[in-house]
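Visitor: I'd like to ask you about the structure that follows.
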Amino acid sequence: MISASRAAARLPLLLPRGGPVPAVPGLAQTFWNGLSQNVLRAASSRKYASEAIKGAVIGIDLGTTNSCVAVMEGKQAKVLENSEGARTTPSVVAFTADGERLVGMPAKRQAVTNPHNTFYATKRLIGRRFDDSEVKKDIKNVPFKIVRASNGDAWVEAHGKLYSPSQIGAFVLMKMKETAENYLGHPAKNAVITVPAYFNDSQRQATKDAGQISGLNVLRVINEPTAAALAYGLDKSEDKIIAVYDLGGGTFDISILEIQKGVFEVKSTNGDTFLGGEDFDQALLQYIVKEFKRETSVDLTKDNMALQRVREASEKAKCELSSSVQTDINLPYLTMDASGPKHLNMKLSRSQFEGIVADLIKRTVAPCQKAMQDAEVSKSDIGEVILVGGMTRMPKVQQTVQDLFGRAPSKAVNPDEAVAIGAAIQGGVLAGDVTDVLLLDVTPLSLGIETLGGVFTKLINRNTTIPTKKSQVFSTAADGQTQVEIKVCQGEREMASDNKLLGQFTLVGIPPAPRGVPQIEVTFDIDANGIVHVSAKDKGTGREQQIVIQSSGGLSKDEIENMVKNAEKYAEEDRRRKERVEAVNLAEGIIHDTESKMEEFKDQLPADECNKLKEEIAKMRELLARKDTETGENIRQAATSLQQASLKLFEMAYKKMASERESSGSSGDQKEEKQ
């Protein structure tokens, strides 16, 4: 039987302690009853001085739907084109049946025929638990498999292999890294990566993990609206308050900032991490499926390939309706039943689409109002409204923003590229290339711990400028308690259980004493990335315990290291595959050129030498027939050998032709002399 004191020793709840007071056992209850609220606080804020970074710092917008990379060139940020010539890259990763990994547009193109192994919008899963309500909603809407990982997080599965959302993000980041390296002409190691402003600590940590897995040194994680504000305000001299309305592919953020002589100070931020273009696509998809069933009695939800075609058509129609008042959705041979093939032909007007997504647009209103309230500004105080994210191209969204803020939004920044540009500018600041900019961001959600009765006691309130550090002294909740469990939460609800549990740790070795006597100082330290560090110290013994908060799931150090190795292995496989393809292209080109020249100069070439060369070509073709099992180096060597042999033969032909020309020329001269 566990004694009362031993049972009490495992109580996880702390009692907020008043101070400084004599250590009288009965006094603790007095404080708990609320007769004194002078909670001992030691709060301090510090600036993080970063040393100048060597080499280029790339800025990456790791988006839900599309990603973008930029670098500083002098005082200007430049958005880079990928290998397909596009300035944005779809955040899509696919695994083919033979194990090849595709990223970006090649992955998106084959989604219809490979829906179960093509991952998109996985940013919405990053840092989330499998049991989260948002994840449950996503499971119903996506064709790929979302599974529970051993740590309770939401992961995805392809061909029987499990991948964390951080890994999928890392594959996209590797593509961004490669794009930057192709432009710069040298390796790119350092990066600034953006996250939605309303991301919690788990999601920020998981994004940083993605950077690490991709081989990047993530110098800073900054908020997307803040990055967009940097892109907007870098060359602006006037002081003003601006609002950044960021409705992207998967998330919505609203931030209120004050720009003053190069200082960008975030006054407040709000948002919804599960609201974006993907939801607009899904709403239209459901409408189309419903209409198709009404007209044909065929339920498309049972056909993943047909659904993927409808999903792509929905995205295309959504984009077209931003510039047209009506669009046609035509999908021939979408499915079939006993009566034959079924085609989808539908006209969709802009007003119809606006009706379908009206509730989604309406969901952006309350966060905007809350952000203004928290920043203590009215709409008349806001000098400019910046639109960020592809969904802000929708006229109805622009009208909603105008109604909200009482002014037409600015078109000063490219909504697809502003965030990456801002990230590159912040990279320039860290590298010492941009010196006249200071960024003061905020933490989006309140942070605190669970205390007696399951109450959420806040140490750092939302919209506090970061980096910041705050401390508060607590005490034990039971007599003889020798250890306390610190549960760290993030959110705005009064009860700890209603907020996000970021992590927990235990401080042990507290000398037994009556409840309320020990003094336990809990310190929260938020770094410039918005990532939380927590420590607890028994002031009596000096014993301390500290952690960098990871979610109660999250990736362990070993898991991250394994994923880094896997990413490197994939990079090596990609390099070998590319090397092989280039060698095959070279070989096929040499075969084509050789055969063309042999036909052209057949009269000048010795028959036996021609036959030898034909044998070489036949051997080369045999090698190419088994190209999938050959190395690029072997194919290249064989191709080079064939090229050398053909050059020797054609050299003989040229010499023969030259001597024939000379002899015909000299015989002509002799004829002239005789005349």
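Heads up, the Cβ atoms here are built off N, Cα and C, so glycines get one too.
Pulled the feature table from Swiss-Prot, pasting it below:
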BINDING   T65, N66, E315, K318, S322, G390, R393  ADP binding site
REGION    65-433  region 'Nucleotide-binding domain (NBD)'
REGION    434-443  region 'Interdomain linker'
REGION    444-675  region 'Substrate-binding domain (SBD)'
TRANSIT   1-48  transit peptide
Visitor: Other than its own, how many Cβ atoms are within 10 Å of the Cβ belonging to S322 (ADP binding site)?
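Guide: That number is 17.
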Visitor: What other residues of the same chain, not counting T65, N66, E315, K318, S322, G390, R393, have a CB atom within 8 A of the CB centroid of the ADP site?
Guide: G249, G277, C319, M391
Visitor: Counting other Cβ atoms within 10 Å, pick out the least crowded of the binding-site residues K318, R393.
Guide: R393
Visitor: For the region 'Interdomain linker' (434-443), how many residues does DSSP put in helix, in strand and in coil?
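Guide: For that range the per-state counts are 0 helix, 5 strand, 5 coil.
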Visitor: Six or more residues beyond either end and a Cβ under 8 Å away: which residues meet both conditions relative to the region 'Interdomain linker' (434-443)?
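Guide: Beyond its ends, the region 'Interdomain linker' (434-443) has Cβ neighbours at 72, 75, 222-223, 226, 230, 234, 262-269, 425-426, 428, 460, 462-466, 468, 526, 528, 530.
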Visitor: Please give the maximum pairwise Cα distance, in Å and rounded to a whole number, for the ADP-binding set T65, N66, E315, K318, S322, G390, R393.
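Guide: About 18 Å separates the two most distant Cα atoms.
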Visitor: What does DSSP assign N66 (ADP binding site), in three states?
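Guide: The residue in question, N66 (ADP binding site), is strand (DSSP, three-state).
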Visitor: Which chain-mates of T65 (ADP binding site) that are at least 6 residues away have a CB under 8 A from its CB, listed by sequence?
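Guide: Long-range Cβ contacts: P90, S91, Y120, A121, G248, G249, G250, G276, G277, E278, G390.
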Visitor: Taking N66, E315, G390 as the binding-site residues to compare, which has the smallest set of other Cβ atoms within 10 Å?
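Guide: If we count Cβ atoms within 10 Å for the binding-site residues N66, E315, G390, the smallest count is at E315.
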Visitor: With DSSP assignments reduced to helix, strand and coil, which class does S322 (ADP binding site) get?
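Guide: S322 (ADP binding site) sits in coil per DSSP, no helix or strand.
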